[in-house]
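According to Swiss-Prot, the features are:
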TOPO_DOM  1-10  topological domain 'Cytoplasmic'
TRANSMEM  11-31  transmembrane segment
TOPO_DOM  32-537  topological domain 'Lumenal'
REGION    83-117  region 'Disordered'
REGION    134-202  region 'Disordered'
COMPBIAS  134-145  compositional bias 'Polar residues'
COMPBIAS  166-185  compositional bias 'Acidic residues'
DISULFID  C265-C535  disulfide bond
DISULFID  C312-C464  disulfide bond
CARBOHYD  N353  N-linked glycosylation site
CARBOHYD  N373  N-linked glycosylation site
DISULFID  C482-C493  disulfide bond
Amino acid sequence: MKSWVRQGRRLVLVGMLAWVLLFLALLSYFLDARVNEPLTSTGSVLYQHPDTRRLASIQASQLHNTNLGSRPELASTLTATYTRDEPRPSATPEFSLEASQSPDSAPLAIYGGPEGIHQDYLDPQSLAAWSSFGTENIGSQSDPVIQSRERTSQNHGSITRYRGGEEEEEEEEEEERQENEDEDVANGLRNTAARKPGGDSSELEKYYFSKSISVVQRLWRGHVSADMLSPRLQRAMKDYVSANKHQVSYRGRRRPSQSAKELLCEMKAQARLQMVDGTQQPFSSLGWASLVPSLPLEQLHKRPDQGSFKSCAVVTSAGAILRSGLGREIDAHDAVLRFNAAPTEGYERDVGNKTTIRIINSQILANPNHRFNTSSLYKDVVLVAWDPAPYTLDLHKWYASPDYNLFGPYMEHRRAHPDQPFYILHPRYVWRLWDVIQGNTQENIQPNPPSSGFIGILLMMTLCEQVHVYEYIPSMRQSDLCHYHERYYDAACTLGAYHPLLYEKSLIQRINTGPGSDLRRKGRVTLPGFSTVDCDI
């Protein structure tokens with residue numbers, strides 16, 4: 001009897017122990033499932049943001065990239081982006097979903113599923129902001145590449161702040177030291193990559209990401225080449241050259257060694273403003289002569305024998321302008337040019353609040369998310385729109401098939417607001433600027449229109465006696481934040497894939513008359529207006 005009771009107690013204890021173990025196992029399972037729940041769940045507020053969905057799709061697709069063949073559209077050569085902490089503008093405004101719904105938010109979306117991989121290719125203008133270095137998702141802060149990059153940024157800040165008359169010499173020594181350090185890191189990464197199956201992809205990409213600081217330093221010195229880009233972006237450039245969407249056929253001379261004065265005079269001759277004025281077909285038959293502004297842009301504020309303005313500021317949308325404190329300096333100019341949907345409200349301390357001219361690409365007019373007809377961004381300013389057109393200047397083809405339909409919204413806006421100066425750049429003007437870039441570059445550049453930034457700079461050099469350009473060539477504040485007003489980060493927003501940004505910036509640096517300290521500390525380039533350049537022509 002006692003033996004039976006003792007055995008029963010043992011069975012009860014074993015059963016209780018089994019239930020406890022089962023409970024712990026179930027608890028552990030559900031806790032792990034909760035911890036591992038991706039940010040892209042439908043319950044995540046972050047994932048409700050359309051840009052975040054695109055970025056998550058790109059990141060998730062990295063494992064499939066080796067299955068993607070070479071495509072003319074290039075999207076497969078562009079890289080994943082990643083989100084971090086939100087940018088902190090001077091007044092720390094609230095970030096609205098609308099502000100980040102720009103079509104410029106990602107180069108493409110790649111979706112993997114049971115039926116294979118599907119890619120949504122974004123338009124060329126969207127690719128403008130997603131262009132420089134090929135990058136993977138960056139790992140932890142213990143990564144030697146990240147630590148090296150952080151040390152570089154800190155060293156530049158302290159060295160520039162405290163050195164005196166020996167500034168240039170010490171900076172060159174620091175740059176050389178950093179380049180040697182980066183090379184050591186690169187050798188280690190190459191060796192690591194070589195030991196792994198598949199070779200040189202992810203670790204070597206981190207190396208190219210770490211080189212972004214030294215690339216900017218070379219840009220400060222005016223030394224640029226496509227070899228500075230990652231292999232991924234070099235392939236992208238080659239594919240764009242092969243695709244040649246706009247049928248570009250350059251037959252001009254190559255003069256990469258022109259002096260600053262010679263380059264300025266060539267720019268002055270080629271960059272004569274030309275707008276769609278309604279005198280050419282098909283616009284003349286559509287009555288555009290009475291639709292466009294009667295006064296040319298260069299005569300809006302014309303003074304006798306001078307440019308329209310004495311001093312002008314071109315404010316790019318780069319994230320590096322955050323925490324610059326340049327707002328008051330920017331607003332002190334006679335005229336200020338801004339781009340696309342870049343706001344000023346909430347960012348006044350860094351970017352100012354004056355806007356005289358706003359250059360907008362055709363997406364702004366065509367995409368209802370930009371609220372072109374209702375947003376205050378596009379009111380009480382001079383508007384200049386542009387859209388890529390064939391290199392052959394076939395206006396009939398352009399009108400019938402623009403990249404984005406800007407013509408209908410333009411006509412509607414002009415009829416509703418006839419007193420607001422609103423122009424469309426003639427394709428001849430845009431492609432002449434491209435000819436200048438290619439003619440002064442030994443390498444073959446992308447056969448795509450220049451960026452809005454380059455167009456805006458040359459436009460203001462026509463209208464102003466002196467032009468200050470902010471953060472077109474990055475300062476020591478260089479950041480992975482693509483735009484100061486949007487919440488996405490990528491190292492691929494500096495030197496271009498679709499637009500020939502690398503070569504554009506090299507040309508601007510060649511004609512920069514400002515001191516090197518302005519470029520490093522403020523990201524400011526000083527350029528003479530064309531009216532002040534004597535070319536004897």
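Placement of Cβ uses the backbone N, Cα and C atoms for every residue, glycine included.
Listed by sequence, the residues of this chain that lie at least six past the ends of the topological domain 'Cytoplasmic' (1-10) yet keep a Cβ under 8 A from its Cβ atoms amount to none.
If you take the Cα of C464 (disulfide bond) and the Cα of C265 (disulfide bond), they are about 16 angstrom apart, rounded to a whole number. Around C312 (disulfide bond), the same-chain residues at least 6 positions away in sequence with a Cβ under 8 Å from its Cβ are H333, D334, A335, V336, L337, T356, M460, L463, C464, Q466, V467, H468, G529. When the Cα atoms are compared, C535 (disulfide bond) and C493 (disulfide bond) turn out to be 35 Å apart. Ranking the recorded positions C265, N353, N373 by Cα distance from C493 (disulfide bond) puts N353 first. C482 (disulfide bond) is surrounded by 28 other CB atoms, counting those within 10 A of its CB over all protein chains shown. Take the CB of C464 (disulfide bond) and look out to 10 A: across all protein chains shown you find 29 other CB atoms. Look at the disulfide-bonded residues C265, C493, C535 and count other Cβ atoms within 10 Å of each Cβ; C535 has the fewest.
Between the CA atoms of C482 (disulfide bond) and N353 (N-linked glycosylation site) there is a gap of 20 Å. Across the structure, N373 (N-linked glycosylation site) and N353 (N-linked glycosylation site) are spaced 20 Å apart at their Cα atoms.
In this structure the C-alpha atoms belonging to C265 (disulfide bond) and N353 (N-linked glycosylation site) are separated by 33 Å.
The Cβ neighbour count for N373 (N-linked glycosylation site), using a 10 Å radius over every protein chain in view, is 14.
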